[in-house]
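Written out below as structure tokens is the structure these notes cover.
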């Protein structure tokens, strides 16, 4: 029975990370209709930034996380300004290719500075909590709590602040938002910044129980895409629910079926679902 | 020609088109007008097979086309234009039009591999058809120019020619005169008259009332997905329901 | 002057000239390694032509292309190394395998539009990689496949030698380009381009979207399979890395630089970049620091690559030189390839 609860904790941990990454992806998609293939690279840069701040500059974990979030947020804004903004009237295939260009660039850049080795990043939360035989490492608890806090904060921001309201308005109708005088550029930059910060925080939370390396974003971004397709592209609750579905499917699938194939589960699920429902699980009507 | 019976389309609980019945006669110019969001474009999408209706029937020359896919409907002779048409910008006008006749040809992969007689004949037929359509819309002189280099008005004419190259019996034109100046609008009106004179049936959505009133043989007015009036321009103009629908939506029927 | 050189390049004579150059290349090369590099560039070029069919002509960004390349390579590799098949039957099987799998994937994935299709194929590509990496009973996993058969020359030539193999690859490349050229000029190619312009418009012209998209997809995966099989016969040792997504990204770069949706573009882009990467050895590992931003700059400023830019320029030259009222009769002025492309 304990093993079963252990898997629940694992599922929650994975689901939290996936959810955070997918959240950024779905926000950008909702507002700009760009499937940002570079989002995984932003996640990866986030992990390396925290690593750099902590190991090379000796900064505390929390500070490193904040610094990394800031750097990646700026990076996200730069991508929007320099790449996606000039491409806003181009055929849809162009911004996908441009996003791939950004991804390749960032990966090569990180690889040039840090090499392609696998690195470990420590965090101050190395303890283990034992609830009557149910073992939960502190870092995992931190991930789950952190993710829930962030999602809550984001909801507050989107619902209660003026800026948040403009983001929602623009996600619902780009032209409509333009008509009522919303500064589309500002919203786009803001969205990219939030999306980048979320990716960096997710990476910093997850890195201590995982490894840091230039290709670490590949799997995560692909799973994040699976998640937002499951949850409906552009939908915030969909991203969180989808993240949990994939997190749990992997935790339980990896444990009860096969560890070697656990990464395939998400993609198998996607193929299955899109074969039956091309518009995704929760999306209403045609996309 | 085109007979629509009790056509309804629901989008998640909302009726975009609600129980519309209408007959469009052959060789006439039929117009559909109505305020924004009245369901005009949806109505076109239903006829052309792009959307499947929730209920009702569509008959083309007595043939039930209600459940047919878009490409099948086109093969049966329904051509259409869109408000905006994406074309291959870095190719010539003629090159863009040749594919218009594709639906009347049969060549497949094998014909391409062996460069069969059939393929050659069909390619020539398609090219001739494209030239004929280009001539019809009066653009023969720009045949070799890139799409990127022609004017907005010429683009619209190319879109017409593309629809004509499919050998349609009826053409559905979605706001053919949107975004063109009054002089050019007259040119498009003349073009539609020419289509009808050549045996085509024209069906258009339009906002430019003066154009519609002088051009259409028959007008159907949609509001909130429902048909509120139908008849000659005179009948529609004096219909109180129509006046109210337009007054209620900031648009002027006489404008 | 430049214009004259330009129009010369587009004449059939120039094409035969290029072909002659390719045939003479092994004699012009200063060592065998250069011939080998050129042969591998040609192999990739064949795969890039495949990508050009589905992405360049049909407008669907297929991110599983590298996966199908790997399937071609593994089909040939496993059949010859593990199951005792000889090269040519296994080669044929590789083509059939990629075509059949392309059909299956195409039927499912092409119901999805634009972004969904790109994301779906990204995942398919990754599934292919994971299967090759994890399904050790079939693929040997990370160890890879050794002792792959080289093509046998029926006692006439020895394809384990670099130069004969170069000619074999060249022959397939010429075949691939020849078919591509014919396809692009045909009604079928025009149908693909109409789909690229937009699903709705294409459908309203009576084009069956699914049938044509699946056909384009199967053609493209077969090209990838052909290239993959040749690759396996050339290097004789393959591993899961052949299915790595970076190969797909490389091919997209070749296609974009050379000119997406053109006939000469894939060849120019592939051969050009492969040689640039080769001659600047330090680039090998970090080439994406340059190619990444290059992709971005290309899609923003020159979305049709070298060839497309050149063709537009040629066309405008030709138009400018032609008095306006004569334009209708100006069949000869449109450069050969501009018409072929449409």
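Just so you know, glycine gets a Cβ as well, placed from its N, Cα and C.
TrEMBL annotations:
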TRANSMEM  C:12-29  transmembrane segment
TRANSMEM  C:35-54  transmembrane segment
TRANSMEM  C:61-81  transmembrane segment
TRANSMEM  C:87-108  transmembrane segment
TRANSMEM  C:115-132  transmembrane segment
TRANSMEM  C:164-181  transmembrane segment
TRANSMEM  C:214-239  transmembrane segment
TRANSMEM  C:251-276  transmembrane segment
TRANSMEM  C:288-306  transmembrane segment
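Listed by sequence, the residues of this chain that lie at least six past the ends of the transmembrane segment (C:251-276) yet keep a Cβ under 8 A from its Cβ atoms are 37-38, 40-42, 44-45, 47-49, 51-52, 55-57, 65-66, 173, 177, 180-181, 184, 193, 196, 283, 291, 294-295, 298-299, 303-311, 337, 340-341.
Put simply, of C:35-54, C:61-81, C:115-132, C:164-181, the stretch with the most CB pairs closer than 8 A to the transmembrane segment (C:87-108) is C:61-81. Put simply, of C:115-132, C:164-181, C:214-239, the stretch with the most CB pairs closer than 8 A to the transmembrane segment (C:61-81) is C:214-239. Listed as Cβ neighbours of the transmembrane segment (C:214-239) (distance under 8 Å, sequence separation of 6 or more from its ends, same chain) are residues 39-40, 43-44, 46-47, 49-55, 57-58, 60, 62, 65-66, 68-77, 87, 90-91, 94-95, 97-99, 101-103, 105-107, 109-110, 142-151, 159, 165, 168-169, 172, 176, 183, 188, 192, 195. Contacts between the transmembrane segment (C:12-29) and the transmembrane segment (C:288-306): absent, as fewer than 3 C-beta pairs lie under 8 angstroms at sequence separation of six or more.
A Cβ distance under 8 Å defines the sequence-distant neighbours of the transmembrane segment (C:35-54), meaning residues of its chain 6+ beyond its ends; these are 25-26, 29, 60, 62, 65, 68-69, 162-163, 165-166, 169-170, 172-173, 176-177, 180, 183, 192, 216-217, 219-224, 226-228, 230-231, 234, 250-252, 254-255, 258, 260-262, 265-267, 269-271, 274-275, 278.
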